[in-house]
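So the structure is just underneath, and the comments pick up after that.
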Amino acid sequence: MAALSGGIVTLLALLAIFAPIFWGEAAATPDPTALLQSPSAAHPLGTDSLGRDLLLRTLVATRTSLVMALIATACGAVAGLILGALPAVLGVRAQRAFSAVINTWLAFPVLLVAMLTVILLGAGPATSVIALALTMTPSFARLAQTLSSRVGGSEYLAAAKMLGVSKPRQYLKYVLPNIGEPVIVNVTISIGGGLLALSSLSFLGVGIQPPEYDWGRMLNEGFAQVYSQPSAVVGPGVLVVLAGLSFGMLGEALASHMRQQGRGRMLSARKLGPAPSAKADAIEGNPVLSVPGSASGHNAGSEVQPLLEVEGLAVSFPGEEGWIRPVSNVSFSIMPGELVGVVGESGSGKSVTMMSVAQLAPANAAVTATKLKFNGQELSHLSAVEAGQVLGTQVGVIFQDSLTALNPALRVGTQLAEVPRVHEHVSRKVAHARAVAALDEVRIPEPERRAMQFPHEFSGGMRQRSLIAMAQIGSPSLIIADEPTTALDVTVQQRVLALLRAKCEETGAAAIVISHDIAVLAELCSRILVMYKGEIVENIDVRDLPHPERLQHPYSRALVECMPDLTTDRSLPLATIPEDPQYLTESVDDEHPTWERKPTQLISVVEDGAAARRGADLVVDDLVVTFGHGAKAFNAVDGVSFELASGSVLGLVGESGSGKSTVARTIAGLQPATAGRVSIGGDDLLRTAGVNRLERARDVQMIFQDPYSSLNPRMNVREVLDEVLMTHGMTNARERRTQVSELLDLVRLRANTADLYPGQMSGGMRQRVAIARCLAAKPRLIIADEITSALDASVQGAVLNLIRELQRELDISMLFITHNLAAVRYIADRTAVMQHGRIVEIADPDKLVRAPEHPYTQTLVDAIPRIDNAGTDALLRSLRT
């Protein structure tokens, strides 16, 4: 389809270029001897009333028709991009004003706008183009508005604003490139629609006027003599339809290609040689389990047989250059009532493995196994429907993101009741009663009322508990929990995990819990499977976790040692795991080099006149930030005060919604304050009038939470750092190249990392680039907002080491925001605890965790997962408390 539509569009383009050159004169010359002739060898479509060849005129008219459609579409697209996307960099007020204009414009009927334009300007080709552009502009504007709203809220655009990048450059470098692909697709499709619209105007007599002609004008003239010369409408009619369909199909082909490219970039695994045997069936329908051969099962003499036995499991996906296999040769077993953890970094294959076991792998996955036996029944011998019936009633799944796992259009009780209604065929009344009882069992207050609410009316912890209820409502033998607490606060995480363990012990169900945090699994499970690069490398008894020397695999030992806890020696660096992402380009080495700082780097990268002449004392005095208006107004930050001494680190800790990130964004100038005072070295940071954007950029910079959204995906590392240096006056290209290399070395990245794009880097590498971007601006204060929460445990230790070393070497003042008390104890000089928009305690980090004075602080300390609690009932005791 893509080749066909592309070929036709190419042919039309060639006709538009060459047809007027070769046949323009012949098509315009009347021939009185050949009036209204029928189709013949000399004139394949016949002639018109003046004896002109209709085929030649149709071919020559291609240029006028295409050029007008292209110009009109281009004008509409450009105007729409300005009207829809420019407000993304102008602020909320501009967005509201432009949105009102777009909505009003869209309210006018398209035909009315076109006819009014013709009436005002008169018929003609220019009028037709203007009329079509005016009708296309609001549609393009709405598309650009929708796309740019995502970019406008992105962290990489917020970083650009903080760095002092000008608004025109923000628009051209950050907004337009990141909305370009959908716009290009829409423009391609709109060209076809534009051809039809312009032809319609000419056909109605308000477009092209004689002696000029396009396909629509030819249709107008042809219909006047359709009874005497019916072939006069064939040529232009066919080309109008063919061109419209071709541009539409080409646009759809471009959209499909871009979607495939997006999916291809997300896959990161080892290449395969020959395709797996199940590939044909797997691509056409649901995932297929094939059994190439037999394997010995569990010990036949054992008294208790495993609930789940998996041997030789492999999962493959089709890629652009062959098959890729993220999971290879995985074997394990789960006993009845056993709680087993699966730990590994992102991309290790842990989720793909367990979703394949539950028959929930993506439709294009090819799943093979030598044995896949559940509750004594070999699933490979069953049809897809039979296997689904077995697993649908016997396996419950708790998904990672509770907000997307629940249908936003259905009430929570309805979704829970669907399980017994579908699998047990009970009545609606009985199913609803069971749903209410299930919510009550997971300790959701007022379950009858809550069952009638929608998912968005639940908190994150309540949604996760409702997923536990949904997984257990069918009394399954096995529960698979895929990162069930990733997006939850530490206190909510503790309650959810304790509830999961209690429910499993109560019902006798086994559970497989997937996580990237081994400390979380230590308190919950009896043993842990460690996955690395698609394989299980170790099966750990959790009682061995407090003794890393007992662990066999170096990756397992590093997972235990790389994260700080409440007893970690703050004077020593954390153990680290070299980042080895499988999707790195070959030009980047797998392991980071030994860091050797040159004496000149400290001066060239961080120090200059502006940075040296001012201290970095931060004073926040009675800060208030209010959201909402009138009766719905509430203080997200309510009278916060603290000080940060020059060259020190203040940790700011609290749960989600406590206000800590709002404080950070207000200090950074990304959120207006309602009241209070924020100053650095006496300079008022809340004052906006008359403030130089570059001076403000040198006051405060921010390292954002998500390394995957804080870097512009359309800029490589060199361009990201170049942007900062050029913005701050470094115009010499050679100096910028030198500075980029020094910045990368400063954050322990090799110089050839500069050529990589964000999609080619691991999360830890991206966060290092974000740190380098901050240092390039030479700020007096750096705000680190949850900078390790989106990273794998294997990477968090390395980033914490880097932050600590940079802070000490460069004497950086830092506000370190996190929900992890153990991390802030390792990094900070003092720690402030926030709850409900207020600071409830400020103290030395060691004192705070050893002898907290406020009950909320004690709650945070108690909720920290600890490997020392492995194999104990500490989690269940917390639930009873």
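Cβ coordinates are placed from backbone N, Cα and C, and glycine is handled just like the others.
Summarising the annotation, TrEMBL assigns domain 'ABC transmembrane type-1' to 62-251.
The transmembrane segment annotation in TrEMBL covers 66-90 (among others). Panel annotation: around the transmembrane segment (66-90), residues 12-13, 16, 97-99, 101-102, 125, 128-130, 132-149, 151-152, 157, 161, 167, 170-171, 174-176, 179, 183, 186-187, 190-191, 194-195, 198, 214, 243 of the same chain, lying at least six beyond its termini, place a Cβ under 8 Å from a Cβ of the stretch.
Tertiary proximity for the transmembrane segment (97-120) is limited to same-chain residues at least six positions away from its ends with a CB under 8 Å from its CB atoms, namely 83-84, 86-87, 127-128, 130-132, 134-135, 137-139, 141-142, 145, 197, 201, 206. Annotation source TrEMBL lists transmembrane segment at 97-120 (among others).
Positions annotated as transmembrane segment by TrEMBL: 183-208 (among others). Listed by sequence, the residues of this chain that lie at least six past the ends of the transmembrane segment (183-208) yet keep a Cβ under 8 A from its Cβ atoms are 64-66, 68-70, 72-74, 76-77, 81, 114-115, 118, 123-125, 127-129, 131-132, 135-136, 139-140, 143-144, 147, 214-217, 219-220, 223, 236, 240, 243-248, 250-252, 254-255, 258.
Summarising the annotation, TrEMBL assigns transmembrane segment to 233-255 (among others).
Feature annotation from TrEMBL assigns domain 'ABC transporter' to 308-558 (among others).
The feature domain 'ABC transporter' is assigned by TrEMBL to 618-861 (among others).
Sequence-remote contacts of a segment are chain residues at least 6 beyond its ends whose Cβ falls under 8 Å from one of its Cβ atoms, and for the transmembrane segment (233-255) they are 1-2, 4-6, 8-9, 12, 45, 54-55, 57-58, 61-62, 65-66, 182, 184-189, 191-193, 195-196, 199, 215-216, 218-219, 222-223, 226.
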